[in-house]
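Features as listed in TrEMBL:
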- A:6-23: transmembrane segment (TRANSMEM)
- A:30-48: transmembrane segment (TRANSMEM)
- A:54-73: transmembrane segment (TRANSMEM)
- A:85-107: transmembrane segment (TRANSMEM)
- A:113-134: transmembrane segment (TRANSMEM)
- A:146-170: transmembrane segment (TRANSMEM)
- A:199-219: transmembrane segment (TRANSMEM)
- A:231-250: transmembrane segment (TRANSMEM)
- A:286-306: transmembrane segment (TRANSMEM)
- A:312-331: transmembrane segment (TRANSMEM)
- A:343-364: transmembrane segment (TRANSMEM)
- A:376-395: transmembrane segment (TRANSMEM)
- A:419-535: domain 'RCK N-terminal' (DOMAIN)
- A:618-638: region 'Disordered' (REGION)
Amino acid sequence: MTSIFIQAFIYLFAAVIAVPLAKKLGLGSVLGYLIAGVIIGPVIGLVGQETTAIQHFAEFGVVMMLFLVGLELEPKMLWNMKSKLIGLGGLQVSLTVVIVMAIALAFGQPVTVAIAIGLIFSLSSTAIVLQSLNEKGLNKSSGGQSAFSVLLMQDIAVIPMLAFIPMLALPELVEAASSLQTATEHHEELSLVAGLPSWAYGLAIIASISAVIFGGHFLSRPLFKYVANSGLREIFVATALLLVIGIAALMSLVGLSPALGTFLAGVVLANSEFKHELETNIEPFKGLLLGLFFITVGAGINFDILSQNLTPILVITAAVILIKGAILYVLAIIFKVKGSNRWLFALSLAQVGEFGFVLLSFSLQNNVLSNELASMLQLVVAISMFLTPLLFILYEKVILRRYELQSNEQGEYDQDMHKGTVIIAGVGRFGQIVNRMLTANGINTVVLDRQATQVQNLRSINIKSYYGDASRPDLLHTAGIETADMIVIAIDDKEEAVSLTHHIKHSYPKVKILARSFDKGHTYELRDQGADIIVAETYFSALEMGASALTHLGFHPFDIEQKKHAFNTVENNASDELYNEWKKRTEGEKFGQDYRTMFMTLEETIKTAMEANRLDKHNATERGWTPPPKDYLDDFKD
Amino acid sequence: MKNNKILLLFAHPSLSRSEVNRPMFKAAKELDFVTVVDLYGEYPNFKIDIDKEQQRLNAHDIVVFQFPFYWYSTPAILKEWQDLVLEYGFAYGSEGTALHGKTFMCALTAGGAEKAYRAQGYNHFTIRELLQPLEQTANLTGMKYLPPFALFASRTAVEEGRVQQHVGDYVALLTALHQGRVDLSKASELQRINDDLEAVIASTTEENK
């Protein structure tokens, strides 16, 4: 137990020191984690042996990341991607395999080894690439989108590769292995499908994928609703984890990629009202695990082997990056990825990825590669991953700048960025009407409410809303507050509305805040925290009611319209004064402010304001259309 | 060189559908000697702030109404504006001299063709005749009246490429008004001030001669 604490401490400490520093130096968080790993591993030797074990654990970060990616991708969008997915992704994988294989053959490797190397090098790093694209805000650009389709295709391609590699076993390695006799460390993974005939295996795969889709679609909703209604946030977190881990387990049992399974589940849940809440809960786990994964990659670099084979390893790494980059660049031309995006696409995917590690150890276990070759290739994979953040920096600092000088590519971005979104926090009787008004005019809204039943009711009448507590900063983040134009705060809790206003004003000063207030005191509190527009929920309806009363008492409707306006004007004019009065009071008496005295002062001020108006030559309500005096014709001469 | 300040009161209830008035309004907005007021924008409920409007009038030398011609008159809010702002004791009456000496002009777009606005045409009256209530309002409030700056057949002006020229004329006229280069006596003989802009706008300040 103690050693676990110490190890965890070392990993966390390295991350805490290295990542903010790397970020500050403009290197990005991924490079920070990698460097942290190199320092605690090979350089000062604090950690080492356990990295492979931790790596398996950390790979779960990739699984969670794909779940989150899936959540952002509605089935319709996935369908629209199909040509890129199959065409671009398929060509990238097959071309890379063939060309790398040919080169390996030319260097005298046996066919089976050449194929294995080709397969390993064809894959890129989903973890590094997606993380870097997100961090740099490039994930919506056409280069980023294309890169994503290729990564997705690669994740799918891993499955047949894993099935194919055992067939490449080298007889002499098999012999050597069997003489050593099985089993030192290589124990059979738990599997449901081991030993099944292939038709049954196929059935098992189809059954488990259908289970994910069916379960995600029909069973998850009642479960989440049940948990959400309990109001226990940590249980919701547990449920989210249960979902992801459960799917990963199911997929592993039938020999499919857990990442792919959770991705699928994510896509199924992309339309769900619990989407943002799920994202918010999984996000921190994903971030930490991915970070851990990057650290293990850095820590796993074996400097002994590296220094012994420095030149060949560096040459192979450079060759891999160049060849992969060249293939990607050509494909980008064919698939009409334009301008700087073509470079982004080519550079971002030029490395070998974490699945390379998986395939390597799998090849080793299946006696396809010799130990010596495998450990060299391992270093090639690690170094190429290490170089990826640097390629991103190259893209940002050199290529993008050159293209910005050449042509203004802004237009392409703008469509994605300027959607003009409004977040509506709280969609009860008040927020609902605001939302209807906005959506009826084609405004994009993200509607949040923390009552699962309410969200479900709204969804049943086609109002797109999400379950979630808007007073949580991280949920606002996933709802997209950074890019939103404004937020409408219509949540039921008075204090939370005030503190939410405070938080948004400080963290996102560009977002306009429209707040619903309950009464005068609340209005002033909201105003104090910097709400831009405040509407008292009862004020206008009460004014309407007053006007209706006057109508039925026999006043002329048009006359009442003027009186209503005058009342409103006086109220508005007085409000600054009242606010200052209120402010003085709250500052003077820290607690226990007497609300009744305060309200009486307000009334007094309104009265004074009204009277001041009456002393004018015309009453405010009678100012317009006042006829001239009876004798006014005397003024005119013909 | 005079330094007249112009108050442009603009009334268009459906700005998003406007084809001629909007570019005119936009061009006028660019001129720093013109104060533009989008009346429908400022008073969407028709609750016109009388004090504010009277102060605006006091602060300017030239008043321009810009509007699409609706039923031979202004859109409703401009009439509302007149009814409320031109009060007894402000714009008329023995003490109502606030507008004395100012200049008044309408800039309008009309759907009908020029030939419709004459005794033989289907509108039977010229545009200037139809605007007589406003001309008389100017008289009674002591303002110098200019014939309207008008565009006919405005619904097809974009298709026929007439908008740019018209906007250019508008800017030239507003600039000339600002600099006091408009010959009032020459202008007063015209049906439309843009029938003969060259003659109306003197190259140097008329009053300085």
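Here the Cβ of each residue, glycine as well, is placed from N, Cα and C on the backbone.
Residues 113-115, 117-119, 121-123, 146, 149-154, 156-157, 319-320, 323-324, 327-328, 331, 334-335, 349 of the same chain sit 6 or more residues outside the transmembrane segment (A:85-107) yet have a Cβ under 8 Å from a Cβ within it. If you look at the transmembrane segment (A:30-48) against the transmembrane segment (A:146-170), you find fewer than three C-beta pairs under 8 angstroms, all six or more positions apart, and that falls short of contact. Between the transmembrane segment (A:343-364) and the stretches A:54-73, A:113-134, A:146-170, A:312-331, A:376-395, Cβ pairs under 8 Å are most numerous for A:113-134. For the transmembrane segment (A:199-219), the partner stretch with the highest count of Cβ pairs under 8 angstroms, out of A:231-250, A:286-306, A:312-331, is A:231-250.
Long-range Cβ contacts of the transmembrane segment (A:231-250) within its own chain (Cβ-Cβ under 8 Å, at least 6 residues beyond either end) map to 60, 63-64, 67, 208, 211-212, 220, 223-224, 258, 261-262, 265, 277-278, 281-282, 285, 469.
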